[in-house]
Each structure stands twice: as C-alpha cells, then as structure tokens.
Amino acid sequence: MGGDKRNRVFALTALLILGLSVTFPCCFSAANQPQTKKKSAQANKFGSSAVFPLHGNVYPLGYYSVSINIGYPAKRFDLDIDTGSDLTWVQCDAPCTGCTKPREYLYKPKNNHLQCGDPLCVAFHSPASDPCKTPDDQCDYEVEYADQGSSLGVMVNDYFPLKFTNGSQLGPRLAFGCGYDQKYPGPNTPPTTGVIGLGNGKASIVSQLSRMGLTRNVVGHCLSGQGGGFLFFGDDLVSSSGVMWTPMSRNSMENHYSSGPAELVFNGKSTGVKGLSLVFDSGSSYTYFNSQAYKAVVNLVRNDLDGKPIKETNEDKSLPICWKGRKPFKSVGDAKNFFKPLALSFINAKNVQLQLSPEDYLIVSKHGNVCFGILNGSEVGLGNLNIIGDIMLLDKMLIYDNENQRIGWAPANCNRLPNVDREYSEGNSQPIVANLGILAQHCPAYALYDQ
C-alpha cells in the first residue's frame, strides 16, 4: 500500500474473501451509459497497447503511482502500482473506515456491483473457502498484504476510458474493488486512493483487457531513477531484440511474477549464494533477500569498503545500513566509485544476468549519507523469499509477458514517454484517484468513443 514504504513488502498473498455485507445494486441503466458511435471492435482485437505516465520515486516518496480515469463521466484516481497482487481497488464513497480522501475524491458505486455467480467472482476463491450462499449474493472481497495492510469491500464494474497506441479510444467495463474498510501499516497513510493490481491473476486489468481481445496479456513498466516513468498494457513497446528474458517459474505463487533459480554475483565473481527464487514486485520500494543472501552481500560490501574514506554510521535511520563520507553526498553518483556492481545470474536461461550497478542498490538520504537499499527479508516475515523491489528496477523497461510466461528487461530512458498522443499524456499526468472490474449481465463490454 502507499505512503512510507521503508518497511513495506510486496503484496504477497491477496486473500480474497467474497460474500460479506453492504448492499449495492447491480448494473448501469441504459440512461447512464455513454452515447457512442458504433465501430467494429474486431479491428482492435490484440491490435494495440495503452501507455500511462507514472509519478513517484524510491526515495523519499517510496512509491510509484498512476492516474487512471474511471466511470462515465470519467473521474481520475491515483493508484499505487503493484505487480505483487492482481486485485485493483479504490476507496469507496460509502460508510467507510480507513478512507483517507475527501468524499469528492472517492469512487461512488452506481448499482454496479458484481454477483457471486460472476465468473470473475468465482475465480477469486476456492470452493472450499467460498463464503457465497447463492449466486445472486453480492460479491465482496478482502485483500491482505504482507506489510499487514488490507482492504475490504465490494466488487464492482465500470467504464475505463482508454486511448490506445493505434489511435482507438475505448471504454471497456472492468471489474475492481470498491473498498469501504482499509487498514494501513505504520503511522502514515498513503497519498494514493488505492492500488492497481498488475499481477498475473484473472482479476488484473491487463488480464481482463486481454480476455476482451483489446490487448495482449503483457504488462510492463519503466521506472525513472529521477522520478516518474511510464506503465503499459500490451506488447507494442516490446522490442524484438536487446531484451534479456528469463522464464517465469512454473511453481510460482499465483498472481505474482517470479523467476529463478538465480545466483548472486559480486563484482563479477560468484558469492556462493545460489538457488534464489525471485519475485519482481513494483509494490516494494526496496529489495529483500533471504537471511543467507543478505548476510553474504552485506559482508562482501563491508569488507570491500574497509580502508576507504567512507564509514558506517548509526546516526542515520533512513535504512538499516548507511555510510558517511568526508562530506555529504548529493547523489549516488558521488559515492558509486566506492562500491562494486552486483548481478543476479539466472540458471534456467543462457547468459542471462540482471546487472546491478551501485545506483541499483543504494540511495542518498536527506542527511547526505549513502544507504543500502537491500534489506533482510527474514526479519520482516518473508522467510526464504527474495523480493526484487523498485530500487533494482530503475531505468529499465520491465516486461511481464504472461502469454509466453517470461519476464524481460532492457536498459531504457524512462524519463520520456513512448510515442503516444501528447494531449493524452498530459491529461493523465495529474494525480487524483481510481479503478478495475468485469462484465455484468446486460451491460455492454465496452463503449467506443468518437475520436
């Protein structure tokens, strides 16, 4: 969830419990639906991608967010991007616990909730844990994150006005959560109004768009080390060359992007730490290694710094390990010559490494010290899991190709949006509030807007 993410870990297990309370009616009436000029949807089938500007940074904000329009008339929502979960939810304009925004920035349901018999609702839970008594019951959800944050609410569907790279403008109806009970870890509440789940489960927006035939089941992001970047659905931006690919793990946990096993490399040499299973998670600001990998890399870094004009300091609490120079550092560039590169070498892919320069694992704190952006996951309940967070994904295009079951990355200029309509880019660059969902009975799958 958003806000201060020094202790935030990826949204590991989205526990979705459907069929609680709070009553909302079902589908939009014809009077409330957009008036559209009919065009052939077949022409857009798997024909394009959608691109969205991002806001945020690893430090000091600790999150990246996207502004997306929802509803008709459209309302803009600012959402924390999270590849570690698939459910998208926004704060709900209903009797609400833990809503952090004024009512005018919340999502107001309009008789558009999903029923328990909806295929997407059914996919959220196993038969053994199905709380729904009848198919006509309201489809409720609960999602719990590994950082102890959570959201409880009702599943709804609504229009998502989207402009695609082929010039088409569509308003597909997508399913998402309208959260009326949120809990946040730590003392600070997030500045965003919800979460956009980008995982590989059926509830994710890109999965829904793919099932409608509007995009390929591919999602990616490019996070700028200077702040901002872009998010995309579909494969139009994916190059046919220059991308490092590694297979998604066949035994990967549902709804998460994992790969491996991988070997940890320090300054071009093996650390002896092998067999690492890795989860790529844009919802985590920093990287978390298991205890063995963490201790190994910390010892190597400390030993390598011995005798250099940089000393570890206990005064800076920005992160667990920080170093102080002879004078305050203004950027990681000022300190990077003291540190060696890391790499993660993937065993199941030939000559594939995720190269990690000092900029990919260090930050400079507000005190002018350089701090270690790899944390001990065992200390926060992650056990043997290893989470690749935003800090290691900067200035790279990350591609999660669900159709070919692979994860790819390539160096990229994330400060510039790809070739998309300028007006659309500027119109979506202002943060405000959010979204997700699927077809309700008697509701159109999508509307086609005039260009």
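Glycine is treated like the rest: Cβ placed from N, Cα and C.
The signal peptide feature in TrEMBL is assigned to 1-23.
If you look up TrEMBL, you'll see 64-410 marked as domain 'Peptidase A1'. For the domain 'Peptidase A1' (64-410), the mean pLDDT of the prediction comes to 93.
The active site annotation in TrEMBL covers ASP82 (among others).
Annotation source TrEMBL lists active site at ASP281 (among others).
When the neighbouring Cβ atoms lying within 10 Å are counted for each of the active-site residues (ASP82, ASP281), the highest count belongs to ASP281. Geometry remark: ASP82 (active site) versus ASP281 (active site), CA distance 7 Å.
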